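Report on one structure; see the data block that follows.
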Amino acid sequence: MVAQNNQQNKDETKGIKSYYCSKIEELEIKVNEKAQDLRRLEAQRNELNNRVRMLKEELQLLTNPGSHVAEVVKLMGKNKVLVKVNPEGKFVVDIDPTVDIAKLTPSTRAALKHESYTLHRILPNKIDPLVSLMKVEKIPDSTYDMVGGLDKQIKEIKEVIELPIKHPELFESLGIAQPKGVLLYGPPGTGKTLLARAVAHHTDCTFIRVSGSELVQKYIGEGSRMVRELFIMAREHAPSIIFMDEIDSIGSSRGESGSGGGDSEVQRTMLELLNQLDGFESTKNIKVLMCTNRIDILDPALLRPGRIDRKIEFPNPGDAGRLDILKIHSRKMNLTRGINLKKISDKMNGASGAELKAVCTEAGMYALRERRVHVSQEDFEMAVSKVMKKDSEQNMSINKLWK
């Protein structure tokens, strides 16, 4: 009887123990769930607090009065600076301790507090978007191997553009100033722009291309401002090459008397260009490359040494040059055997490089028209006759016009 009671007590104890163990496990699971919920809610609280803080900061910025934009004129001691605010005038203001005084150079844009006029921030230079678009992001893929018949011109442009950028110590050892600008002149289609792209490829520097007509603006002062911002951008991205194509559109000779407001604005743009050419040092790794077909109408002030240090002529190619250009442009063409490029070159006496390229393209068009995949000698001869023929309609007599 006693043994039976002991067994019954053991069973009851075991049952109670298992019951409490199961309850403890359930409570532990609930505690873990509550702890996870608590951590999630804490994370949400932190996120909301951060958002509230950001909104408060944004609200504070929105409620603060705006800053004045000023231009630094010069430093006036350790903690003072003379600035120019348009249209109010010039002021001597304090400098905030957080501002690096070494960066406060003349013509630097800065922000002044609305009430105290304390200089508290340095602003980036203001560049016209049209000027920023002149900067070529992708380096041109043209190389010197793609230029034919211009060995002398390549050598001269290497000496004044590529050599000072890559090896400035050579000029310092000789004690001579680096050339600033180069003028490429010659008939149309002789490879001036092509050689400029090749120079940009081999120097591996910032290439800024601008046409002279882009600097002729409608409103007074716009062209001069674009020229100033163009050179500012060139200084910021040095070493750089400024390539000005068709410079005769703004660099023509000045007459004794102005012939109109448009000509006066063009002359103001050219005067600003002359000022910028005189203003920057030749050691700043900024080279100016100008290109024109009409050197005879350029102003002598633009052509003088110190602004344009070298003038490189690009004549029409000679016999050997024409053959080299034909070989370059026909290098990737699918030609039949026995093509005599020398014979084709002899038929194009006086042709420019652009006309030689047009002959290769036109020969391919003749083969394409006849559904062939090879270009023959006859295709080249027909292309020469088409490209080099004279426009007889310009020399028609009056009798022929009235037939």
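Yeah, the Cβs are placed from backbone N, Cα and C, and that goes for glycine too.
According to Swiss-Prot, the features are:
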BINDING   Gly186, Pro187, Pro188, Gly189, Thr190, Gly191, Lys192, Thr193  ATP binding site
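Sitting within 8 Å of the Cβ centre of Gly186, Pro187, Pro188, Gly189, Thr190, Gly191, Lys192, Thr193, and not among those site residues for ATP, are the Cβ atoms of Asn293, Phe314, Ser352, Gly353, Ala354. Ranked by how many other Cβ atoms sit within 10 Å of their Cβ, the binding-site residues Gly186, Pro187, Pro188, Gly191 place Pro188 at the bottom. Counting neighbouring Cβ atoms within 10 Å of each of the binding-site residues (Thr190, Thr193), the lowest count belongs to Thr193. Here the binding-site residues are Gly189, Lys192, and the one whose Cβ sees the fewest other Cβ atoms within 10 Å is Gly189. DSSP classifies Lys192 (ATP binding site) as helix under the three-state reduction.
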